[in-house]
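Everything below concerns the one structure shown next.
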Amino acid sequence: MKWKLQDFAVEKRNGEDVVARRALLHEQSPVIQAEEKVEEPQAKNEKVLRYSKRKEYFLESDNKEGPKEFISKPEATNILPDEYPVVEFGGAIGAALSMLSMPPLLYYLVYMCTQEDASLCNFYPHWTFSDLWDSTVFGYFALWILLLALLHLLPIGKIAHGVRLANGKRLRYRINGLLALFLVGILVAVLSYQRISLLYVYDHLHQFAASATLLSLMLSAYVFIRSRTASQEDLSTAGKSGNLIYTFFMGRELNPHIGKFDLKHFSAVHVALIGWVFNNFIMLLAEMNVQQLEIPSPSMILVNAFQLLYVLHALWHQENILTSLDIAHDGFGFMLAFGNLVWVPFVYSLQALYLVKHPVEISQAALAAIVALNTFGYVIFRRANNLKNAFRKNPEDPRLSYLNSIPTSYGSQLLISGWWGFVRHPNYLGDIIMAWAWCLPCGFDYILPYFYGFFLTGLLIHRVSRVEHQCRRKYGHDWDKYCKLVPYRIVPYVY
């Protein structure tokens with residue numbers, strides 16, 4: 001007996017079961033044909049060959065009457081061991097450089113966006129301690145985090161389960177990010193109606209960024225100290241490295257909780273995404289005030305609308321965030337604490353901040369082209385993610401019967417058709433297209449507002465290497481077979 005990776009179907013002919021099957025993988029011909037082909041049997045026991053959409057492992061027998069056994073989840077024998085050592089981001093040296101460089105880079109970007117001359121070489125800051133620190137601002141920021149925490153704790157919204165962790169656990173998460181954003185919107189409307197100016201945030205943006213940085217550092221220290229009492233099964237992969245600097249940066253504990261309060265999930269959803277949208281709206285108000293506009297400029301409207309759509313999509317599909325690399329694999333350390341509390345809210349809103357003091361005239365044709373580009377990226381991003389998540393939940397869904405996939409010895413299947421047969425990470429392709437569309441409303445006078453496009457492109461290319469390393473460990477040789485069928489990672493014929 002031998003293993004063959006095949007499709008199969010069963011037909012009833014003359015009262016007898018006749019097996020129809022198709023080889024899905026072949027060393028000499030990895031291309032999957034789309035047409036249906038049937039060959040009539042020449043003898044009673046000869047098999048009927050035709051194409052089928054269902055994929056399983058087929059145990060071929062020498063018995064001419066056909067196969068006797070079908071196994072949908074064979075034993076995994078080619079998976080790399082969990083103990084396989086992995087060091088990411090350059091190890092301790094890379095972690096130290098990241099922690100030392102990210103806060104100054106943030107302040108540089110924010111400072112340059114508020115200057116009339118935003119050229120990269122025009123950097124002569126004259127900061128004093130009071131320019132970067134204000135205890136009142138820190139108090140306001142702490143109240144903002146407290147408000148988001150209270151919204152996170154609201155017992156409203158469905159309960160979803162995360163992926164099964166290495167210790168066998170599946171954590172429970174409250175899905176209420178969209179509700180929290182709606183309530184924050186109501187609060188902002190009430191403050192505006194009461195003529196309480198929100199421009200205080202823009203006027204003290206450096207101090208707010210510094211307060212967020214300090215709080216992220218305090219949070220990183222807290223979760224690192226408390227992780228010393230965590231059990232081995234609760235540690236992340238990086239948390240088992242034993243290097244102090246590296247584990248502080250990557251996060252030692254995978255999912256630190258305070259009671260039932262999940263710190264990582266809260267920071268990734270409520271603090272990062274809602275903070276991003278809130279800062280964008282503040283910049284919209286600031287533009288109207290600085291440039292004496294009755295309505296926001298078309299460029300500012302585009303940036304706010306594009307990014308609001310992105311956040312609304314993320315919160316509407318909040319349950320899908322639970323399968324992301326950040327939630328399912330990475331520990332909670334400085335990387336995610338600083339990223340969620342500081343980097344996302346203040347750097348991802350960079351285009352809106354830039355437009356406050358740098359008005360851009362945009363033609364109707366350019367506006368339409370930018371909208372079309374963003375829509376194109378969003379369609380790819382949304383359809384690819386929706387397809388992936390639907391298939392992950394129920395690969396036997398009849399609505400997905402048109403998809404082709406290959407089984408793995410891990411027990412799950414890998415899509416090789418639709419957007420996921422186009423490239424291996426089509427959602428990243430859509431993400432990158434949208435990122436550059438968000439930069440275009442800022443014009444071409446300065447390269448500074450295009451930082452986000454360069455950053456996200458580099459981030460996702462690096463993330464591809466991280467994700468594929470995890471997949472190679474998980475699926476073993478089956479991943480190599482999959483890569484032969486879908487050879488390009490993000491951009492066809494390029495990468």
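Glycine too: its Cβ is placed from the backbone N, Cα and C atoms.
Since this is a predicted model, take the numbers as computed values, not measurements.
Feature list (source: TrEMBL):
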type	residues	note
TRANSMEM	89-110	transmembrane segment
TRANSMEM	137-154	transmembrane segment
TRANSMEM	175-193	transmembrane segment
TRANSMEM	205-225	transmembrane segment
TRANSMEM	266-286	transmembrane segment
TRANSMEM	298-316	transmembrane segment
TRANSMEM	328-350	transmembrane segment
TRANSMEM	362-381	transmembrane segment
TRANSMEM	402-423	transmembrane segment
TRANSMEM	435-461	transmembrane segment
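Only pairs six or more apart in sequence are counted, and the transmembrane segment (298-316) with the transmembrane segment (435-461) gives three or more Cβ pairs under 8 Å, enough to call it a contact. Within the same chain, the transmembrane segment (435-461) stays apart from the transmembrane segment (266-286): fewer than three Cβ pairs sit under 8 Å, each pair at least 6 residues apart. Here the transmembrane segment (137-154) has Cβ contacts under 8 Å with residues 174, 176, 179-180, 183-184, 187, 200, 204, 207-208, 210-212, 214-215, 261, 266, 269-271, 274-275, 341 of the same chain, all six or more residues outside its ends. For the transmembrane segment (175-193), the residues of the chain that approach it from at least six positions outside its boundaries are 147-148, 151-152, 154, 156-160, 269-270, 273-274, 277-278, 281, 311-312, 314-316, 318-319, judged by C-beta separation under 8 angstroms. Contact check: the transmembrane segment (205-225) against the transmembrane segment (362-381) gives fewer than three Cβ pairs closer than 8 Å, residues 6 or more apart, which falls short of the contact criterion. For the transmembrane segment (266-286), same-chain residues at least 6 beyond its ends with a Cβ under 8 Å from one of its own Cβ atoms are 144-145, 148-149, 151-152, 177, 180-181, 184, 188, 198-199, 201-202, 219, 296, 300-301, 303-304, 307-308, 311, 314-315, 318, 321, 326-327, 332, 336-337, 339-341, 344-346, 348-349, 352-353, 355-356.
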